[in-house]
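Undergrad: Here you go, one structure.
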Amino acid sequence: MSNTEELEISPNYDYDDDDYNDDYYCATDEGEEEEFGGGVKAESNRFPDKVVRLSPFCGGGGGGKSSGECRSWNGAALMMLLCAAGLIVDPLFFYAFSISDSCMCLFVDGWFAAAVTVLRCIIDAVHLCDLWLASIRRRKRRSDTAAFGRPVTAPPYLKRSFLQLFLILPLPQIMLWVAIPAYLEKGLITNVMTLHLIVFLTQYVPKIYFSVVLLWQMHDLSSYTVWCGIALNMMAYFIASHAVGACWFLLGIQNVVKCLKEKCTTNKDCRPIFLTCKDPFYYRTTSTVSCSGQTSRNARLLWGENRHVRMTCLDTDDNNFAYGTYYEWTIQLVTNENPLEKILLPIFWGLMTLSSSFGNLKNMTDELEVIFMILILTSGVLLVTMFIGSTKVFFRSMTSKKQAVHLKMRNIEWWMKKRRLPPKIIQRVRNYKWQRWAAMGGMEDEWEMLQDIPQGLRRDIKYHLCSNLIRQVPLFRHLDNLVMGNICDRLKSLIFTAGETITWEGEPVRKMLFIVRGHLECRQHSIGRSCMLGPGNFSGDELLSWCLRRPFVNVLPPSSFTLVTLETTEALGLDAHDLKYVTQHFRYTFAKERVKRSARYYSPGWRSWAVVAIQLAWRRYKRHQPFTASLPFVMPTAEEAVNSIV
C-alpha cells in the first residue's frame, strides 16, 4: 500500500479513545511533539488555558492605549476635575450673605461660610499636591536629559505653573474672613459686595481661561471622543449657569441693601450702622439674629419694625423700588433660611437666562445691570452654540453610518425580492448584516482602514495584532518572523452569524480559520464525534498537509469536520492560495526536518494512516499468538477483515 493510498483511507475504523484524538486543533507541548517517534500519543480534548484578546482586529496581542497616552489622559482628566470643582465652589462664597428678616440688617452665615471654606481648601490642597508631583517628574526628566548630553532649554511650563499657583491663592477665604467683617463693622455694605465681586472675577476669569486651554489640549488625545465633548460642554453649561446665578444673587442682595440704605438716609432715627447686624458672623438661623446693640437697642428694634421700609424693600406685593432684573426672586432669596434653595433657584435662573433671550427679563435701570445682562446673553449664545454643535456632530456621525447601512440593506432587499429568494435565505441575510454591524461596532471592514498605510507598516501592524493567535498553530511555531509577517499580511477578517454552517464534512477546504471571538462546533458524522473550538483555536489544517505534499496535487483536500457556529463568531481567514504561496515561496523554511516532523505529527491524514497501521500491526501480532483457553481467538472472515480495514 503506497503513501498516497494510505493517506486517502477513510477513518471508518472502530478507534479506541486512546488511539484517536478528538481534537486535532489543540496545541501540544514541545516535548510531546519531539517524542512521537515510537508511536502516536493520545491527546486530551483541551484548549489553551489563557487566550489573549487581540485588539482591535484580532482581539488580543496588546491593543488599547499606550501607557504614556493613559498617563496623559489621566492627568488631563484629573486637572479638568480640579478645575471644574474650583469653578463650582468659588461662586458658593456669595451665598454666605443674608439679610435678617426681623432686623433688616446684613450678616454672614457662619456655618455656610465655614463649609465652603473647607471645600475650597481641600481643592487647593489637592491641586498643590498635583503641582508638586508634576514638578518632581519634570525635574527628573530634565536631569535625565542633561545626563545624555542634550541641551537643557528654559522650561516652557513656568508660566503655566505660575498661573496655577495664582489660581490656588486663598483670595476668597481672605476676603470672606478678613476684609468683609472689617467693611461691615464700618458700615460700608455696598462697597464690600463690589469688592467681593471684583476679587472673585480676578481669580475666576483666569480659571475659565485655564480650563478652556486644558479642554483644547484634551482634543489632541486619541481617547477624546464625541461623548467626552458632549459631557464637557454640558458640564461647562451648568457651571456657567451656577456662576451666573451666584453673581445675580450677589447683585440682587446689593440692590436690596441699596434700597435699605436709601430709606435709612430719609429716616431720622436710622443710622448706617443699623444696616449691619450686631456681629458680622452668625452661626444660627436668620430668625435668631439679635437686633440689640450696646447703645442703640431701641433704635435697632424700631428700624426692624418699620413697616414702610419693609413694604418698600422686602415685600414683593407692594414694592416701589426699581429692582429691574433682580426683582423676581431676589427679594425672596435674601431672607431665605434654607441654603439649598438659595443655591438651586439662582442656578435655575442662570440656566433659564442662558438658554433664552430677553423674554424673561424685566426693565433694567442700572448701568452695571445692563453690562451684566450683556455678558450673560453673549455667554449663553456661545455656550448654546458649542453644545448644539458638538451634539449635532455626534448625531450626524451616527446617523450617517446608519443611513449608509440602511441604504445598503434597501438595495439588498430589493435585489432579493427581484430574484425571489426563499424567506429563510432572506432572513439569514438580514441576520448576517445586522449581526455584523453589531459585532463591528458600526464600523466597516477593519482591514480596509490599513489599505492606505505603507506595506511595511501595515505588515508590522498586522504582525503585532495577529502573531500571538497564529502561533497557536503548532506548525507555525517554528517559523521565523519573515514568514510569519507574510502570513499575517494575508489574513482577512471574517464574521459568521449564529447557526451558520461554514464547512461541510467532505467538501474541499478553502481556507484556514483562526478564531478570535465566539465558538464553533466540529461534527464528524462518520464516527459520531464532535468537539468545540473557542478563541485561540483554529481549523482547516488539512491545507498544511496539502501544501507540503510531494508530489503536489492540485486538488483541495476534503474537510474532516462539519463546522457550525454556536454564536456570532469573529475569525481570521487564510485562503488556500495564500497559504500555498507562502509554503512555495519560503520552501526552504518548510523543508527543515523539524517542520516536516511537526507537519506529519499534526496532520489528520498522517494520524489516520498511523492509527490504521498500528491497528493492522496489532491484529497481525494477535493472529500469530499461540492459542490459550483464557483468551480464545476466533479467526475473522475475509469480509470482516476487509470491513474492519475500510
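Placed from the backbone N, Cα and C atoms, the Cβ positions cover glycine too.
Keep in mind it's a predicted model, so treat the numbers as computed, not measured.
Features from TrEMBL:
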REGION    1-20  region 'Disordered'
TRANSMEM  75-99  transmembrane segment
TRANSMEM  111-133  transmembrane segment
TRANSMEM  165-184  transmembrane segment
TRANSMEM  224-251  transmembrane segment
TRANSMEM  343-359  transmembrane segment
TRANSMEM  371-395  transmembrane segment
DOMAIN    475-582  domain 'Cyclic nucleotide-binding'
Undergrad: So if I exclude everything within five residues of the ends of the transmembrane segment (111-133), which remaining residues of that chain have a CB under 8 angstroms from its CBs? That is, six or more out.
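TA: For the transmembrane segment (111-133), the nonlocal Cβ contacts are 78-79, 82, 85-86, 89-90, 92-93, 95-96, 161, 164-165, 167-168, 170, 172-173, 176-177, 281, 283, 339.
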Undergrad: Cβ under 8 Å, sequence separation of at least 6 from the ends of the transmembrane segment (165-184): give me the contacting residues as numbers and ranges.
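TA: Apart from its flanks, the transmembrane segment (165-184) reaches 86, 90, 93, 96, 106-108, 113, 117, 120-121, 124, 127-128, 131, 191-192, 195-196, 199-200, 202-203, 206-207, 210, 276, 280-281.
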Undergrad: Take every residue in the domain 'Cyclic nucleotide-binding' (475-582), average their pLDDT values, and give the whole-number result.
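TA: Computed over the domain 'Cyclic nucleotide-binding' (475-582), the mean pLDDT is 84 on the 0 to 100 scale.
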Undergrad: So, by DSSP, how many helix, strand and coil residues make up the domain 'Cyclic nucleotide-binding' (475-582)?
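TA: Going through the domain 'Cyclic nucleotide-binding' (475-582) residue by residue, I get 27 helix, 40 strand, 41 coil.
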